[in-house]
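**Q** Below: one structure in structure tokens.
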């Protein structure tokens, strides 16, 4: 394998010394970039973009050409697993993802096939290996999956939801059915992420996008427990290097203590949890990642710089000099001016020298 030229992202996740704060951005390959929109137009639709190795590689690399990022993240979708399980993923303009089939009964769960990620999601593995090769050791490649709870919400609801009516109905009225579904999904995610690691992913992020919709006990029982199972089942070393794992529960800042016990190397934060507070809670036991409000990127250069510096001041307030990766608190939005993320990235690298130099 090609020697990694810039490994500060991996080192920060493992709480090893770094020369400057590493940064990447959730959804860094996306609709805010004109070159992404052009490539998507060539592909014809979003799913075709994900399933074409050449296009998926191209859009993964696009933000790295514009910004001095410290990691690339596989361009794909969190709903590849439910699609491979036969639910029939499709997208309607302005309405987000939908499925032709839902999973709402014990029989529906029993009918789900066992996932063979290398065969059933070979297009993802082809993309990972192609991107890893194209990066040439420039920066590490992040692989990812949705959490079982988050995947289950889409499968039970039949698409996006704000209230999670059917999923929560299952949770309270038929918890054994939901547990069976979540267990099946945890096994699927383990297989999927290990296949990504075999294909070349050098770090893993689990996106628990809807974990924050749960109450405390339900979060632990129906979301965190299954992420714990996944982490325990992952390869943690490849080619002589540890494969760090990041858990990101949007709206999960109040659950840092139980998340620390998950076995993850790092916890992602959204913008509702102050970094200095989180640093004090974790006390160096895990790294942290985050947590600029993506809306900050709508502002002027001066306002972006001010917000980024305040974020870094919080991150290093307790004197720790590593164990931190800068990021947004959620995905970058399609309305951001492509010039603005450069201010974010460059300010992180330049200002963090004050603490790390």
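Heads up, residue numbers simply count up from 1 along the chain you see.
Placement of Cβ uses the backbone N, Cα and C atoms for every residue, glycine included.
Feature list, courtesy of Swiss-Prot:
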- 27, 28, 29, 30, 31, 77, 154, 209, 330: substrate binding site (BINDING)
- 77: site 'Transition state stabilizer' (SITE)
**Q** Using the alpha carbons only, what distance in Å do you get between residue 154 (substrate binding site) and residue 77 (site 'Transition state stabilizer') once rounded?
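**A** Answer for this pair: 13 Å between alpha carbons.
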**Q** How many whole Å apart are the CA atoms of residue 27 (substrate binding site) and residue 77 (site 'Transition state stabilizer')?
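**A** Between the alpha carbons of residue 27 (substrate binding site) and residue 77 (site 'Transition state stabilizer') there are 10 Å.
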**Q** How many whole Å apart are the CA atoms of residue 330 (substrate binding site) and residue 77 (site 'Transition state stabilizer')?
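**A** Cα to Cα, residue 330 (substrate binding site) and residue 77 (site 'Transition state stabilizer') are separated by 15 Å.
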**Q** Do me a favour and check the Cα-Cα span between residue 31 (substrate binding site) and residue 77 (site 'Transition state stabilizer'); whole Å is fine.
**A** 14
**Q** Only counting partners 6 or more residues apart, tell me which same-chain residues put their Cβ under 8 Å from the Cβ of residue 29 (substrate binding site).
**A** 36, 59, 60, 62, 63, 73, 75
**Q** Which of 27, 31, 330 (the binding-site residues) has the most other Cβ atoms within 10 Å?
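**A** That would be 330, with the most Cβ atoms nearby.
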**Q** How many other Cβ atoms sit within 10 Å of the Cβ of residue 77 (site 'Transition state stabilizer')?
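**A** A 10 Å sphere around the Cβ of residue 77 (site 'Transition state stabilizer') contains 18 other Cβ atoms.
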